[in-house]
Amino acid sequence: MSRTDDHHGTAGPTAGTTDVRPLFEGDRPDRRHWTLAVAAGMASYLDSGIIVSLGVGLALIGEEYGIGAWGLGALSAALTFSIGVGALVGGRVADLVGRQRAFTAYILVYAVGMTAMAVSPSAGVLFAGVVVAGLAAGADLPTSVAVVSERSPARAQGRLVSVTQVMWVVGIAVTQVLGFAVAGLGLLGIRLIFAELAVLAVVTFLVRRFSPSVRSLEEDAREARSHQPGAGAGGAGGGAGARERGGLPLRTILTTRAMVVPLLLTTGFYVAWNLVANTFGQFQVYFLREAAGASQAVATGVGAAVIPLGIITSLVLVRLVDTRWRTTVLVVGMVIQAVAMTMLGLGAGVLAVYVAAIALYQLGSNSAGEALYKVWTQESQPVEARSTVQGATYAVGRFAVGLFALVTPTLIETARTPLLFFLVLCVLVALGFGLVLVRHMRARGLHPGSEPPAVEDVAAAR
């Protein structure tokens with residue numbers, strides 16, 4: 001049910017105010033919402049897919065093209081920076097030209113980049129494909145999350161946004177399994193994974209553009225907007241309100257306390273947490289080969305074996321994220337991650353210890369990590385700023401880990417233990433940012449699974 005069915009006159013933002021509510025009331029998503037969540041979640045699937053597939057193939061790419069540790073770091077950093085730039089620019093463009101429109105366009109650019117990677121005859125073409133696919137993946141991430149959150153029932157927003165993170169973990173799982181399955185094929189196996197991601201991108205475009213469920217939900221969203229204040233200003237389909245509201249001016253976003261505070265806190269959380277996550281997303285196989293002397297097959301097999309733990313944990317989070325247990329999950333998950341990094345630092349080259357620590361890390365990272373960051377951003381920001389803010393904070397996080405990726409292979413080779421204890425510190429810093437953010441949101445009346453305040457006064461929040 002549209003919230004405007006019985007909330008006429010209070011359902012939209014007016015001058016000097018900002019609305020953080022989704023378009024629909026209630027707490028029970030229907031089949032259309034879940035279909036949209038999965039279609040949007042494919043952005044996360046494809047993002048993790050390119051990160052992990054490049055990581056799985058890193059050593060093979062180095063051997064094939066004669067690239068050393070610094071060159072491999074540069075290739076990984078190029079992907080990370082491209083994703084960051086794509087998120088920064090693509091999120092803002094989506095708010096300005098229409099999130100639904102961008103939602104169906106970015107995915108095709110990704111398919112082009114992955115195709116170039118799959119058929120690349122040289123390191124140069126591979127590098128170009130990485131940049132193109134990375135830009136598109138980055139642009140699609142904040143856009144897809146914003147599309148889902150706006151169309152979610154008000155008290156189910158966290159669950160549907162968390163589905164996108166489940167898809168992230170599924171992308172890791174499938175890519176790890178495929179990496180293990182094609183380990184004996186050398187670089188050809190990695191090319192096949194790249195091709196698989198390109199095909200899935202095209203299929204995702206078709207679902208987003210032509211699925212009856214997605215189109216039906218969009219029609220309801222357009223109808224809900226047409227009843228919002230200002231909808232009669234003109235335009236197709238019942239006025240400006242029938243279309244997505246345009247992006248807020250950057251000045252408003254950057255000078256409004258109710259937007260700036262969560263922006264800074266989510267950025268701090270995401271940067272600190274992502275330094276850990278990126279290290280074991282891009283470089284887990286490389287780490288196991290260098291630290292424990294594992295073969296390519298064993299190193300990829302470890303990732304494939306433990307990833308079901310991440311999927312299960314992500315699904316559990318979907319059930320808990322809209323409940324009072326959210327903060328408890330945050331604390332427990334962060335402590336588990338700190339313990340896992342400590343075990344890795346003390347592992348002394350013993351593969352069994354590393355495997356146990358990575359399994360433990362899967363439990364912690366997927367309960368207290370990017371899913372909570374996405375939910376916090378969507379719940380704390382107005383509809384017209386969500387894609388912009390999510391893209392900006394995501395970009396800062398990617399830029400930070402991109403710089404770190406330049407030196408990560410070298411640190412794994414020469415300063416492994418200090419690296420891992422630095423990651424323990426990162427986990428604790430992320431926990432601190434998360435707890436402060438939880439307190440800030442509670443002070444604004446934003447509680448997990450509850451109806452958000454109808455409208456916040458921007459002027460009063462400055």
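From the backbone N, Cα and C atoms, a Cβ is placed for every residue, glycine too.
Straight from TrEMBL, the features:
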- 1-24: region 'Disordered' (REGION)
- 33-444: domain 'Major facilitator superfamily (MFS) profile' (DOMAIN)
- 36-61: transmembrane segment (TRANSMEM)
- 67-90: transmembrane segment (TRANSMEM)
- 102-119: transmembrane segment (TRANSMEM)
- 125-148: transmembrane segment (TRANSMEM)
- 160-182: transmembrane segment (TRANSMEM)
- 188-207: transmembrane segment (TRANSMEM)
- 221-242: region 'Disordered' (REGION)
- 231-241: compositional bias 'Gly residues' (COMPBIAS)
- 258-277: transmembrane segment (TRANSMEM)
- 297-318: transmembrane segment (TRANSMEM)
- 330-363: transmembrane segment (TRANSMEM)
- 419-438: transmembrane segment (TRANSMEM)
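In this chain, the transmembrane segment (297-318) lies out of contact with the transmembrane segment (188-207); the count of Cβ pairs under 8 Å, excluding pairs fewer than 6 apart in sequence, is fewer than 3. When Cβ-Cβ distances below 8 Å are used as the criterion, the transmembrane segment (258-277) is approached by residues 18, 252, 337, 341, 365, 369-370, 373, 376-377, 380-382, 385, 389, 392-394, 396-398, 400-401, 404, 423, 426-427, 429-430, 433-434, 436-437, 440-441, 444, 456, 458, 461-462 of the same chain, each at least six residues removed from its ends. Sequence-distant neighbours of the transmembrane segment (102-119) (same chain, 6+ residues past either end, Cβ-Cβ under 8 Å): 40, 42-43, 46, 50, 90, 93-94, 125-126, 128-137, 139-140, 143-144, 147, 191-192, 194-195, 197-198, 201-202, 204-205, 208-209. With a cut-off of 8 Å between Cβ atoms, the residues of this chain six or more beyond the transmembrane segment (36-61) that come close are 29, 67, 72, 75-76, 79, 83, 103, 106-107, 110, 114, 123, 126, 130, 133-134, 137-138, 140-141, 143-145, 147-148, 151, 160-161, 163-172, 174-176, 178-179, 186-187, 189-190, 193-194, 197, 200-201, 204, 207-208, 211, 213-214, 217, 278, 281-286, 289, 296, 300, 303. Note on the domain 'Major facilitator superfamily (MFS) profile' (33-444): its mean pLDDT in the predicted model is 89.
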